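Trainee: My structure is below; once you've seen it, I'll send some questions.
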């Protein structure tokens, strides 16, 4: 009988390198927020990949970056705490962008603070976005940048190309161990955290670059509708830092907030498996990213 292997894999990389999309592709369900805006992941969400022979627990962290605010510093601290406690670090570098200072900075951080006994796998993401010769050129550049990688694996989370190969590579690097989670469980995040992330993702679609860093979502209340077994009421608040940002989220005559509500409600109904009434309110918490008390109140 084959020995069972299990362990924790942390995906790191600069913002917007496809880490959350890759997590969802590996798990086969939506457990991490995806957006075209950088630094949209706020919590270390664990996705779980099940097999008869192994179990991979994926930790999807915020993008590691040079911090400009207290929130940015806390997010970076979260990343470092996470990869100090994992078996494999998956460094994500996209195929469609040249290696830049941000990538080099992260590699240096891994060299200087990453645990010596942790396996490093480099994942070249978004290979569907460029021709094959550019993928090959990026693989060469990555091998020159990261000389201590156990493997370099090119993948496309969008098309699924080589995702199975990546799973095999990650599983092979795990130690022998038990199944930490029951079969069929895809994440250990509470439903309220996932709901807040889904609302946040819907609110980030098609807005200006500065908004992601200024938008937080708090679930105020979740309760079954009295007399209706098939309906759940979800009340949530979207916090921004300035009145001008409140206008961006709400839109003209509330049109954009209604679009956000429709998109988020559909995702939450899929998550909960039932009909949902979603009530969204937009509030201003001035400069919350730099205020320790407000950061704590908003879940950071």
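Every residue gets a Cβ built from N, Cα and C, even glycine.
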Trainee: Quick one: sort out which of 56-59, 60-63, 64-67 is the region 'G3' according to Swiss-Prot.
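Mentor: Comparing 56-59, 60-63, 64-67 with Swiss-Prot, region 'G3' matches 60-63.
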Trainee: Please identify the range among 29-33, 34-38, 39-43, 44-48 that Swiss-Prot labels region 'G2'.
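Mentor: When 29-33, 34-38, 39-43, 44-48 are checked in Swiss-Prot, region 'G2' belongs to 39-43.
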Trainee: DSSP on the region 'G1' (13-20): how many residues come out helix, how many strand, how many coil?
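Mentor: Residue counts for the region 'G1' (13-20) by secondary structure: 2 helix, 0 strand, 6 coil.
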Trainee: I need to check the long-range neighbours of the region 'G4' (125-128): which residues 6 or more away from its ends have a CB within less than 8 Å of a CB in the stretch?
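Mentor: Distant Cβ neighbours of the region 'G4' (125-128) are 17-19, 21-22, 92-96, 135, 154-159, 161-162.
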Trainee: With an 8 Å cut-off on Cβ-Cβ distance and a minimum sequence separation of at least 6, pull the same-chain contacts of residue 127 (GTP binding site), or say none.
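Mentor: Same-chain residues close to residue 127 (GTP binding site) (Cβ under 8 Å, separated by 6 or more) are 95, 135, 154, 155, 156, 161, 162.
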